[in-house]
């Protein structure tokens, strides 16, 4: 009959099935599976390897590239090679963080993830500008182990209000940029960490590839914490991870290989920081640069104080 023909309705989605749109974070408004720990993820060798590689090359390697490459290629009034490294880092890292969240076996709050990614990009971009100028000042005699006003090349600036401008640049680089960069970075890592638990004890072990990446990953986090002066943020994140591990253990859940890799990296990082502080504990100049209860010198301050002076001596031989 002509009037009886009706469209057949789509079958109802089974409970717990992914959304048909195939979104990055299924579930309405980011809510969803709650304590869905029945699923586990294999070790993300590709993502953790890309993270480690791009962190060492694009973040740790950018000031090194700026120093070793000839100034004729990148004049002081133009972006340096390190700046282009930083630009690539600002694009690649948010993408890798999103892919990491996507592979979580647990549905995570997408709104918080998106806002964190946006803040991360803003903070890293602010840091790009301030860090670019500060590192280029090294070629003019700027010394990172001294404060802005104590630097010889800054003291004699006229008018003196220019010194305030350099202090503002330092604030954007070392405080505002670092806060907007690192807080969302560690927040995303912790959000991902909350989904790294499994009831299967046999899955709480790292493969050989994870053990090989553990050293470089931990050493980079040491650099991140010391150079970024974010020990408070790091230690609170570490304590939150430890509390979550103990809480989930009472439920009979243990870390999977990815969570164990991330947690072990943070533990080794803490040991490296302790060794770094113990080594430079009696350095009077760095003590003056970093007063207060928490004394964690920056690697670049150590470089300009102790290592930079060795370069002219080597060239004289």
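Numbers here mean position along the shown chain, with the first residue as 1.
Glycine residues also receive a Cβ, built from the backbone N, Cα and C atoms like all the rest.
Record features (TrEMBL):
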type     : residues : note
COMPBIAS : 10-22    : compositional bias 'Low complexity'
REGION   : 1-37     : region 'Disordered'
TRANSMEM : 47-69    : transmembrane segment
TRANSMEM : 84-101   : transmembrane segment
TRANSMEM : 113-130  : transmembrane segment
TRANSMEM : 181-201  : transmembrane segment
TRANSMEM : 208-224  : transmembrane segment
TRANSMEM : 230-247  : transmembrane segment
TRANSMEM : 259-281  : transmembrane segment
Return the stretch with the most CB pairs under 8 A relative to the transmembrane segment (84-101), choosing among 47-69, 113-130, 230-247, 259-281. 47-69
Same-chain residues at least 6 beyond the ends of the transmembrane segment (208-224) with CB under 8 Å of its CB atoms are 43, 45, 48-49, 51-52, 55-56, 59-60, 182, 230, 234, 257, 260-261, 264-266, 268-269, 272-273, 276, 299
